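Peer 1: Per TrEMBL, the features are:
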- Cys34-Cys40: disulfide bond (DISULFID)
- Cys146-Cys207: disulfide bond (DISULFID)
- Cys153-Cys159: disulfide bond (DISULFID)
- Cys170-Cys185: disulfide bond (DISULFID)
- Cys180-Cys226: disulfide bond (DISULFID)
- Cys209-Cys214: disulfide bond (DISULFID)
- Cys236-Cys308: disulfide bond (DISULFID)
- Cys243-Cys249: disulfide bond (DISULFID)
- Cys260-Cys278: disulfide bond (DISULFID)
- Cys270-Cys332: disulfide bond (DISULFID)
- Cys310-Cys320: disulfide bond (DISULFID)
- 27-104: domain 'GDNF/GAS1' (DOMAIN)
- 146-226: domain 'GDNF/GAS1' (DOMAIN)
- 236-332: domain 'GDNF/GAS1' (DOMAIN)
- Asn342: N-linked glycosylation site (CARBOHYD)
- Asn399: N-linked glycosylation site (CARBOHYD)
Amino acid sequence: DEILRSLAGPPSPPGLAPPGWRVPVDCVRANELCAGEPSCSSRYRTLRQCLAGRDRNTMLANPECQVALEVLQESPLERCRCKRGMKRELQCLQIYWSIHLGLAEGEEFYEASPYEPVTSRLSDIFRLASIFSGMDPATTSKSNHCLDAAKACNLNDNCKRLRSGYISTCSRELSATEPCSRRKCHKALRQFFDRVPSEFTFRLLFCSCKNPACAERRRQTIVPSCSYEDKEKPNCLDLRGACRADHLCRSRLADFHTNCQATFQSLTSCPGDNFQACLGSYAGLIGFDITPNYVDASTTSITISPWCSCKGSGNMEEECEKFLRDFTENPCLRNAIQAFGNGTDVNLAPKNPSPAVTVLPKVEKSPVLQDDVNDSNTAYDTSVISTCTSLQEQGLKPNKSKEQSLCYSQAQLTTDVMPDQKTFMDPKAGSSRQRESRILLLIPILI
């Protein structure tokens, strides 16, 4: 212990510790703090030399490497994290893995996410979720929420530009044998999902569908013929190995496992019941060879998978199947996608619970703009939505016309859509019933 302390350098006097030394910071800042402290700086250089071309056991057999590791475990580098989309994200991730690969206990199946935890909830972006969620299915039989999502994206300049960019790049044929540039397609997709707010990207990826045309549009969101499919399916473990060789892909995969790994210790099967974190980490995987997608245009079940199989896994088949099931049979991911598509979220502790009254989601305006390609079964007038919303906001009743079928008051929605939950009562009617019951009780006594 004395040798370790001496090698680590003299302890800093109380009150003279470097600013942020004990506070978690991003890894770029943590690296700057370490560089300004001689002991940390020298041990960090030593550890990076120790990790070069050696596994963890070989590294720890070297006393000097072991001391360097011990010192850095007490530095801000050990607790640093990165932010998705930060200015120097790749540099931050490289710094993170330069030390955490040495701290990991060998080749772990699941790795901790290098990103800061997601604290926002899905409810924060439900204002742009499907306007028809929760309404009578009869009124939404012709609706296509995925087409609505595309129209909403086209109304936003940034979303429209980046979406048009990746569709053009991923659809551009290079030659008869090379239908597209997969590398450029992936880069364009990553830019879209990293730079466009989730209010738009989530709607495109996780829109709810009740017909095959809508589900196929959802499956085609990422232009799978270029970004997803290939001539042959590689082995899933080979795909995972290639992903872990890249700092950015490794980080996104670790983030997915951290936020979407199914757990039975929560109501939703998601860690912390946080659907937003799971969906965000799923979107973060798009634009790599491990890109996941819907396997078909089914409307009755949601099956997600990367383009790989466990064929030829040998004695690693069990591990391969486990990795693949994290996508194909993941209740957390499935629940998160369905929750967003249905416009529902987890509310574990409502502030003012009112079990006697059914509260419906607030209806918001939905932007209208024709997309590049219209689906054959979506011949409905979306301008009705804006008309209905504006009428409701002004407290007016619509005339008897086509928009009347879509304009409901809250009480009408509750009684018509959910007849089993008729909970609205007239207080005057209630008091008159009570008086009548009291009179009936007095009649036998009088007789």
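Using N, Cα and C of the backbone, Cβ positions are placed for all residues, glycine too.
Since we're looking at a predicted model, the values are computed, not measured.
Quick one: where do these features end up spatially?
Peer 2: Cβ neighbours of Cys40 (disulfide bond) (same chain, under 8 Å, six or more residues apart in sequence): Leu33, Cys34, Val71, Leu72, Ser75, Leu77.
Cys207 (disulfide bond): 24 other CB atoms within 10 A of its CB, across all protein chains.
Cys153 (disulfide bond) has a Cβ environment of 24 other Cβ atoms inside 10 Å.
Neighbour count (other Cβ atoms within 10 Å of the Cβ, all protein chains): 23 for Cys226 (disulfide bond).
The Cβ of Cys209 (disulfide bond) has 22 neighbouring Cβ atoms from other residues within 10 Å, across all protein chains displayed.
Counting only residues at least six positions away in the same chain, the Cβ atoms of Lys233, Pro234, Asn235, Cys236, Asp238, Leu239, Ile290, Leu324 sit under 8 Å from the Cβ of Cys308 (disulfide bond).
Cβ neighbour count for Cys260 (disulfide bond) (all protein chains, 10 Å cutoff from its Cβ): 29.
Cβ neighbours of Cys270 (disulfide bond) (same chain, under 8 Å, six or more residues apart in sequence): Asn259, Cys260, Ala262, Thr263, Ala277, Cys278, Cys332, Asn335, Ala336.
A 10 Å cutoff on Cβ-Cβ distances gives Cys310 (disulfide bond) a total of 19 other Cβ atoms nearby, all chains included.
Confidence for the domain 'GDNF/GAS1' (27-104), expressed as mean pLDDT, is 82.
All protein chains included, Asn342 (N-linked glycosylation site) registers 14 other Cβ atoms within 10 Å of its own Cβ.
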Peer 1: Considering Cα atoms only, can you say which of Cys214, Cys226, Cys320, Asn342 is the nearest neighbour of Cys185 (disulfide bond) among these recorded positions?
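Peer 2: Smallest Cα separation from Cys185 (disulfide bond) among Cys214, Cys226, Cys320, Asn342: Cys226.
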Peer 1: Kindly report the helix/strand/coil residue split of the domain 'GDNF/GAS1' (27-104) according to DSSP, in that order.
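Peer 2: The counts are 57 helix, 2 strand, 19 coil.
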Peer 1: Helix, strand, coil residue numbers for the domain 'GDNF/GAS1' (146-226) per DSSP?
Peer 2: 61 helix, 0 strand, 20 coil
Peer 1: Looking only at C-alpha atoms, tell me how far Asn342 (N-linked glycosylation site) is from Cys207 (disulfide bond), rounded to the nearest Å.
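Peer 2: One finds 8 Å between the Cα atoms of these residues.
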Peer 1: Here the disulfide-bonded residues are Cys34, Cys159; which one has the lowest number of other Cβ atoms no more than 10 Å from its Cβ?
Peer 2: Cys159
